[in-house]
Amino acid sequence: MSHTAPAGQPLVLFNSVTRATETFAPIDPAMAKLYSCGPTVYNFAHLGNLRAYVFTDTLRRVINWKGWNATHVINITDVGHLTSDADEGDDKMEIAARAAAKTIWEVAAFYTDAFKNDIARLGILQPTIWSVATDHIQDMIAFGRQIADAGATYELDSGLYFDVTKVPDYGRLAGARPDETVGRIETVEGKRNTADFAIWRKSPDDSTRQMEWASPWGVGAPGWHLECSVMSMKYLGEQFDIHTGGIDHREIHHCNEIAQNQAFTGTAKTGANIWMHNNFLVDRGGKMSKSKGGFATLQSLVDRGVHPLAYRLLCLSAHYRSELEFSPDNLGAALTRLKRLLISVVQLRDKAGDLSWMRVVADAGMTKGASLVYQRSVLEQGLPADAVALIARFDEAISGDLMIPQALPLIEEAVAKKAWSPDIRLRLVATFDLVLGLGLLTLDRADLRVRPVGVEIDEADVEVQLAERQAARAEKDFARSDAIRDALATQGIELMDGDPLRWEWRVSLG
Ligand SMILES: Nc1ncnc2c1ncn2[C@@H]1O[C@H](COP(=O)(O)OP(=O)(O)OP(=O)(O)O)[C@@H](O)[C@H]1O
Ligand SMILES: [Zn+2]
C-alpha cells in the first residue's frame with residue numbers, strides 16, 4: 001500500500017468541533033487512527049446503537065478504499081456509565097446485574113458477545129482493537145493522578161471531580177458555555193460548576209459495589225468519560241485522527257473527553273483532529289433508546305424474517321448526519337431493494353461463468369486481511385474507460401462527507417448497463433461493495449429468505465411442491481395447482497405468482 005495521499009477526490013469530512021467540512025489527512029500517512037465510543041454492555045444493542053457502528057464501519061471502509069490503512073479502536077463500556085450522562089443515577093451495569101441476579105461480569109460477557117454477533121451479522125468489520133474499560137483501571141488511575149497534579153480536579157466526599165473552568169473553551173463542541181445548565185442536573189453537593197463531572201466516584205459508605213477498585217481518591221469506580229480519554233490515548237496517541245460517536249455524545253461525553261485530554265496534555269488540543277457524530281435513528285416516539293424499553297434489536301428483525309443486511313442498507317440509504325426514521329415501510333423498502341439488487345447480481349453471476357478474480361479477492365480479503373485498495377486493484381484491472389468513470393463518480397460521492405445515498409444508485413446503474421459484459425458489471429459491484437459491505441458477491445437469494453420464528457418449514461419440501469405445481473400449471477391442471485398453493489398457505493407459505501422480483505415464495509408476515 002502506498003503511503004502517499006491516495007488518488008481520487010480528496011476525502012472531506014464534517015468536523016463537529018469546527019462545524020465545517022475538512023480535508024482528511026492522517027497525522028501518520030501510513031496509518032489513520034480512529035476511535036469509536038463503544039456500547040455499554042448492560043443490554044442488547046438497539047437498532048439505533050447499531051446505526052452508530054454501521055456509520056463508523058462505513059467511515060473506516062471509505063478510508064481503506066481510498067488508500068489509507070487504519071487502526072480502529074472500539075471500546076466496551078462495562079463500568080462507569082450512569083443512567084444519566086450528566087453524573088446522575090446509578091451505574092447502568094450495576095442496575096442490570098441486580099435485576100438479572102447475575103454478576104456484572106456475567107452480564108457484560110453476555111451482552112458483549114451479543115454485540116459482536118450483531119455487528120458481524122451487519123457486515124461490520126471487526127475493529128483492530130476492542131478495548132474493555134475494566135482492563136484499563138490502572139491506566140485510568142494514572143491519568144487521573146496526572147490531571148489532578150495539573151490542578152484540573154478537586155476532591156469531594158463523593159469522589160474526584162473535574163473543574164471545567166480549568167481548560168480553554170469547555171463545551172465548544174456542544175456550542176454551550178460551562179455555566180449553562182442544559183441537560184445537566186445538579187445532584188452532587190459541592191460541585192463548583194454545573195458541568196463539572198466525576199473522574200472517580202467513591203463507593204458510598206453504606207453500600208458495596210460489585211465493581212470497585214482502590215485509588216488515591218478512595219475505593220470506587222472511574223467516571224465514564226475518563227475511560228474513553230484513557231483508552232483512545234493509550235492505543236492511538238495524544239492526538240489522533242478521528243473520534244466518533246452518536247450525536248448525543250456531542251453534548252456531554254465528548255466535551256468531557258476533550259476537557260480531560262486538554263488537562264492531560266496541557267494544551268488546547270482536543271485529542272482528535274476530527275470529531276464526527278452520527279444522527280439518531282428515530283421512531284414515532286423519537287430517538288430510539290434503551291431506557292424507553294420495548295426497543296427493537298437486530299434479532300427482532302430476524303425473528304420477523306428480515307435479513308440483517310436489509311437493515312444495513314436502510315442505514316446506508318440516509319446520510320449519517322440526517323435523522324433516519326425506522327418504520328416497517330422503510331425497512332420493507334430496504335429489503336425489497338436488497339432483493340432486487342441481489343437478483344440482478346445473481347443473474348450476472350450465472351452468466352459470467354468463471355470469476356477467478358472473485359476467488360483472488362475473497363481469499364485476499366478474508367484469509368490474508370489484504371487492504372481494500374489491494375482488492376480494488378484486482379477488481380479494477382483492465383476496466384474500460386466508462387466503467388472507470390463510474391468508479392470516479394462513486395469516489396466523488398463517498399469522498400464528500402460519506403454521501404453514501406448518492407453512491408448507492410451507482411451500483412444499480414452498473415448492474416443495469418447492458419453494454420458492459422457481466423464480468424465488468426460484477427467487478428464494479430464488487431469494488432463498490434467493498435465500501436457498502438452488503439455481501440452482494442457472496443449472498444444467495446435463499447439467504448435473504450429468512451425464516452421468521454415460529455414458522456415450521458422445510459425449504460427442500462417447499463421447492464418440491466413448487467416444482468409439482470409448476471408441472472400442474474404447464475398441463476393446465478389448475479385444480480391441482482390451486483390445491484398445492486392452498487396446502488402451502490396452511491404452512492404459512494405465500495406463493496408469489498407474477499412477482500416482478502421473481503421471488504417465487506415467501507413466508508407470510510402474518
Ligand atoms: N437512536 C440512536 N440512533 C443512533 N445512535 C444512537 C442512538 N442511541 C444511541 N446511539 C449511539 O449508540 C452508541 C452506543 O451507545 P451506548 O451503548 O452507550 O448506548 P446507551 O447510551 O446505553 O443507549 P441509550 O441512549 O439507548 O440509552 C453511542 O455512540 C450512542 O451515541
Ligand atoms: Zn466514549
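Yeah, the Cβs are placed from backbone N, Cα and C, and that goes for glycine too.
Note that TrEMBL annotation is computational and uncurated.
The feature Zn(2+) binding site is assigned by TrEMBL to Cys37, Cys228, His253, Glu257. Around Cys37 (Zn(2+) binding site), the same-chain residues at least 6 positions away in sequence with a Cβ under 8 Å from its Cβ are Asn75, Thr77, Cys228, His243, Thr244, Gly245, Gly246, His249, His253.
Long-range Cβ neighbours of Lys290 (ATP binding site) (same chain, at least 6 residues apart, Cβ-Cβ under 8 Å): Asn43, His46, Asn49. The feature ATP binding site is assigned by TrEMBL to Lys290.
Residues or ranges marked as domain 'tRNA synthetases class I catalytic' in TrEMBL: 24-334.
The motif ''HIGH' region' annotation in TrEMBL covers 39-49. Helix, strand and coil content of the motif ''HIGH' region' (39-49), in residues and according to DSSP, is 3 helix, 1 strand, 7 coil.
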Under 8 Å by Cβ from Glu257 (Zn(2+) binding site), counting only residues of that chain that are 6 or more apart: His225, Cys228, Ser229, Ser232, His243, Gly271
Binding-site residues: Cys228, His253 - member with fewest neighbouring CB atoms within 10 Å: His253
Check: same-chain CB within 8 A of Zn(2+) site center, minus Cys37, Cys228, His253, Glu257: Trp224, His225, Glu227, Ser229, His243, Gly245, His249, His254, Asn256
Annotated binding-site residues Cys37, Cys228, Lys290, filtered by Cβ under 6 Å to ligand 2: Cys37, Cys228
Local confidence of the motif ''HIGH' region' (39-49) - pLDDT mean: 94
Close-lying binding-site residues around ligand 1 among Cys37, His253, Glu257, where CB distance stays under 6 Å: Cys37
